[in-house]
Amino acid sequence: MSEVTTQSKPERRKRQKLEDMEGYKPSIYGLTRDELIDWAVEHGEKKFRATQIWDWLYKKRVQSFEEMTNISKDFIAKLNDNFCVNPLKQRIVQESKDGTVKYLFELPDGMLIETVLMRQHYGLSVCVTTQVGCNIGCTFCASGLIKKQRDLTAGEIVAQIMLVQKYFDDRGDGERVSHVVVMGIGEPFDNYDNVLRFLRTINNDNGLAIGARHITVSTSGLAPKIKEFANEGVQVNLAVSLHAPNNDLRSSIMRINRSFPLEKLFEAIEYYIQTTNRRVTFEYIMLNEVNDHPENAQELADLTKKIRKLSYINLIPYNPVSEHDHYSRSTKERVATFYDVLKKNGVNCVVRQEHGTDIDAACGQLRSNTMKRDRQKAVAEASGKSEGK
């Protein structure tokens, strides 16, 4: 493992709206292609200028407006007055032996987010974050250790992809991000509009052109939003974090189930499948002697029987989190038994390959650990100043 760090201020405790920050400018990545065209026309430019800017951003992937050599200085000044390009600062990069790379980025207001690059047999896949913190309250998850501070803007979500891609552009080996999973910190459907804007931007044929079938959005189960998403006409993949096959167990480990129990959740999932004719993937974290009993596997098979032809189950090895030490990873034997019960019932399932086990592997863990160190450093510095008086 290699780790590169840069100095930065600790994450601020006081919330401040981005638009109220002195000198704040939104990222131009937050505009759709049509919105960029409209903005250019409103500022006295021809439509083709917006097309040129779009190409500079997503095909040449420049990091400043000054690099756009066929754009007039006057128009560049207007762009600089209204936007920034990439709003993220790189704080930490952790590289795993298996090629997984975990990034810690700092937002304009000093808050921290994680992004993960995974090398798969089918190409480079990036897992993006959609919120600072999370309010869903899953009892096994590192992401929820810090409650939601704010939603990310569409530009901040797009910027994660752009910075990861820039790394490979700079290497000059021709590799490109081909797959995106919206499974990082936060609940994507709790930041619905910005996530939808992000999806349409990265899927745009004139931009990054990441195919819809190569994009997956994961939700903890906001049933009304699943139905709404079904009607958007966005042909991306949907994954649902299930993690338990009955209401009692699911409510005990996922607070969201108290608002949207399995009956409501599966009603929404069935609507999604009927409307889109797309397969749904279920994520199931294997927690030792909690949700990994053979009877749990049978319950899961029964629960998904009605939609078996258009559903798939990922069994996920648990990455332990120190703050949730009452949970541990299921043994290989228990996972194998669970898997066998599902297969005997004709369930399409797989035990998901692990990535980055030698770094802060759990989602949100790098961010949480960094914030702890920042706080400890701030306290130590404050204590030192006090003693020096």
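Backbone N, Cα and C atoms are what each Cβ position is placed from, and that goes for glycine too.
Glu114 (active site, proton acceptor) falls within a strand when secondary structure is assigned with DSSP. Feature annotation from Swiss-Prot assigns active site, proton acceptor to Glu114; the stated evidence is sequence analysis.
Sequence annotations record features per position, and here Swiss-Prot assigns active site, S-methylcysteine intermediate to Cys363 based on sequence analysis.
Swiss-Prot lists Cys134, Cys138, Cys141 with the feature [4Fe-4S] cluster binding site. Secondary structure at Cys138 ([4Fe-4S] cluster binding site), taken from DSSP and collapsed to helix, strand or coil, is strand.
Ser241 (S-adenosyl-L-methionine binding site) carries a strand DSSP state (E or B). Ser241 (S-adenosyl-L-methionine binding site) counts 21 other C-beta atoms within 10 Å of its own C-beta, drawing on all protein chains shown. Residues or ranges marked as S-adenosyl-L-methionine binding site in Swiss-Prot (evidence: sequence analysis): Gly186, Glu187, Ser218, Ser241, Leu242, His243, Asn319.
According to Swiss-Prot, the compositional bias 'Basic and acidic residues' annotation covers 371-389.
As annotated by Swiss-Prot, disulfide bond applies to Cys127-Cys363, with the evidence given as sequence analysis.
Residues or ranges marked as domain 'Radical SAM core' by Swiss-Prot on the basis of sequence analysis: 120-358.
According to Swiss-Prot, the region 'Disordered' annotation covers 370-389.
Between the CA atoms of Cys127 (disulfide bond) and Glu114 (active site, proton acceptor) there is a gap of 9 Å, rounded to the nearest whole number. Annotation for Gly186 (S-adenosyl-L-methionine binding site): same-chain Cβ neighbours under 8 Å, separated by at least 6 residues, are Thr129, Thr130, Gln131, Val132, Gly133, Cys134, Ser143, Lys148, Asp151, Leu152.
Cα-Cα distance from Asn319 (S-adenosyl-L-methionine binding site) to Cys141 ([4Fe-4S] cluster binding site): 9 Å (rounded to the nearest whole number). Classification of Ser218 (S-adenosyl-L-methionine binding site) by DSSP places it within a strand. Looking just at the domain 'Radical SAM core' (120-358), the mean pLDDT is 94. Look at the Cβ of each of the recorded positions Cys127, Cys138, Leu242 and count the other Cβ atoms within 10 Å; the largest number goes with Leu242.
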